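Colleague: The active site, charge relay system annotation in Swiss-Prot covers His75, Asp113, Ser193, and the record cites similarity to another entry as its basis. Here Swiss-Prot flags 1-36 as signal peptide.
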Amino acid sequence: MNKNVVIKSLATLTILTSVAGIGTTLVEEVQQTAKAENNVTKIKDTNIFPYTGVVAFNSATGFVVGKNTILTNKHVSKNYKVGDRITAHPNSDKSNGGIYSIKKIINYPGKEDVSVIKVEEHAIERGPKGFNFNDNVTPFKYAAGAKAGDRIKVIGYPHPYKNKYVLHESTGPVMSVEGSSIVYSAHTESGNSGSPVLNSNNELVGIHFASDVKNDDNRNAYGVYFTPEIKRFIAENIDK
């Protein structure tokens, strides 16, 4: 573990699903010594990459990994069922990439908070490029890896109702990578669950799932780092 992350006393983390969905918390023994960054940008045009790779749930975020296939957290997908809807890269009430029905949910069998969701290819409500899901979105590619000190960005829909589904991008440094865990100093909020964690080349490093509840300069965020095993699971469950 990175020397800037010190195991000390109990600090509460929050699973970052909007209060409009679930209000779950978990406990972790972590205290940070580095100051968190608060570099957050509102995205004005969601019809360009990498923003075309992001989707919105009612209370959380997801992102595209292949044909008709998106990724989010287990704690998000457990509140959805076949027939429920997602919206591709909405930009408040200005535009979106179409609205699509969920057709299958597949949870990662390990402890990691990862869930694959397949959607119907034909939109309920069309996007700017027609009714086909794959014409309106852009799948992300994987990064070769990540290490402490690398710059990352988290793109998602914090407080989606309050912010009227405006997409936000938050940036900061990686604090540590250990096994399937990645810790980073980027500002995230409720609703960011399921957001992609990207490197400076907009390549996938992991998926965001939680951050410290405390709102101060030592606040860190937490994601699932994409190990070869997790990448294999995702690849095996992408729509053919």
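Cβ atoms here come from the backbone N, Cα and C positions, even for glycine.
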Colleague: What does the structure give for the C-alpha distance between His75 (active site, charge relay system) and Ser193 (active site, charge relay system)? Integer Å is fine.
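Modeller: Cα of His75 (active site, charge relay system) to Cα of Ser193 (active site, charge relay system) measures 9 Å after rounding.
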Colleague: Around His75 (active site, charge relay system), how many other CB atoms lie within 10 A of its CB?
Modeller: 21
Colleague: Would you mind reading off the Cα separation of Asp113 (active site, charge relay system) from Ser193 (active site, charge relay system), to the nearest angstrom?
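Modeller: Computed Cα spacing between Asp113 (active site, charge relay system) and Ser193 (active site, charge relay system) is 10 Å.
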Colleague: Give the helix, strand or coil assignment DSSP yields for Asp113 (active site, charge relay system).
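Modeller: Asp113 (active site, charge relay system) sits in coil per DSSP, no helix or strand.
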